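Written below as structure tokens is the structure these notes are about.
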């Protein structure tokens, strides 16, 4: 009971934090001259729903893990299959509701608000015409959503040929039993399709942002005074003064206590960001290698049975999971790290459609349409984060800390004698008996269709490649300007009021 009440209080607290974060984050980038109430509310709500959905993952894992003792036996209240089924259904319907809201946001709400402001014109004040045109363009998104739902409802889901019959049939049974009927497969297919688009956004923005964010902190920015005098005749005198200061520093003049304190704080922050980045990349590489070496093949979605390579983050989360909410805090840190690195990539690159640059993202100067685009991209990235976390800690996401008892025969080889049968406790995996381990609903949602898992697998390798390319590009660049991202070359036609604080 204490664990449940602690979980509920943590959920309520996280909900408040998510709403506050979304409000502050959107308001930070919102244009002060072109702000619109509807676009702001839309962006805040849509991003909040995505973050709340990702926050449901640790709860899902906690519930399946809380059913069993560390020795592998079920707790008294969870011994009944009906009780476990009710809990699983509750989580399933929570996902069902949140994912339905995400579909509503992506295919109806955000497109409608976007096209509504695209049709806005100073010469045309007819609101009805704006609504009519916005609905006309939004109809295309509704048709796409309907097509995805129909395909997901009726697409055949059969076991691929030439697979290990026992292991594959077990996983197929879990998928069929976990998500029955037409509604949930249709929703799963639609969400997986959006997650696929989110994977492209992660490869484009997050991978680059993950490389550029730490390096920008290391290199810092150019001096404001230096940039002001860069095009004046006083530059030579300033450079001469800088050389004098460097000479004094080389003579061994000690730093002040304030400088040492600031330097230490910066080094700690940099080490934390670098460690998180290195840990995530290493875990993704290990996961991808494990799939490449030990999976059941491309036609199974590169499904891996059992644990073959030790994953440090997976082991850490399994260790923290029994002490709720430690794993919840770590998952939150990972998710927010993905958000911040994605935002760093978007700010550096802008929003592009192939080779056409659509919008720039700058604090206090982002137009309503750009804000909606930003919100849509972040929503899709957060949606894909659930699969990225599975890549970082597959066993944790699939089974949590569940264990089961495995009976084996002793040396005498007679199962009728009590002293010839031994029981060992093992971590849950695909080889466990069907009634001994409960798969999280999140895993079933994301892996119901094996061909999506196959695409995600290759997407992980592309993500690693883009990260390495971004790392090389960021290393070759010099220090960025202190006003980079704030003022662009084509800002001369903008009102000077936006620069007034």
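Glycine is treated like the rest: Cβ placed from N, Cα and C.
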Please find, within the list 68-90, 137-159, the residue stretch that TrEMBL describes as transmembrane segment.
137-159
Is the transmembrane segment (38-59) in contact with the transmembrane segment (179-208), using three or more Cβ pairs under 8 angstroms as the rule and ignoring pairs under 6 apart in sequence?
no
Restricting to CB pairs under 8 Å, which listed stretch, 38-59, 93-117, 449-473, is in contact most with the transmembrane segment (370-390)?
38-59
The answer for the transmembrane segment (93-117), taking Cβ pairs under 8 Å and residues 6+ beyond its ends, is 36, 38-39, 42, 45-46, 49-50, 52-53, 56, 60, 130-131, 133-135, 137-138, 141-142, 144-145, 183-184, 187, 190-191, 194, 368-369, 372-373, 375-376, 379-380, 383, 441-442, 445
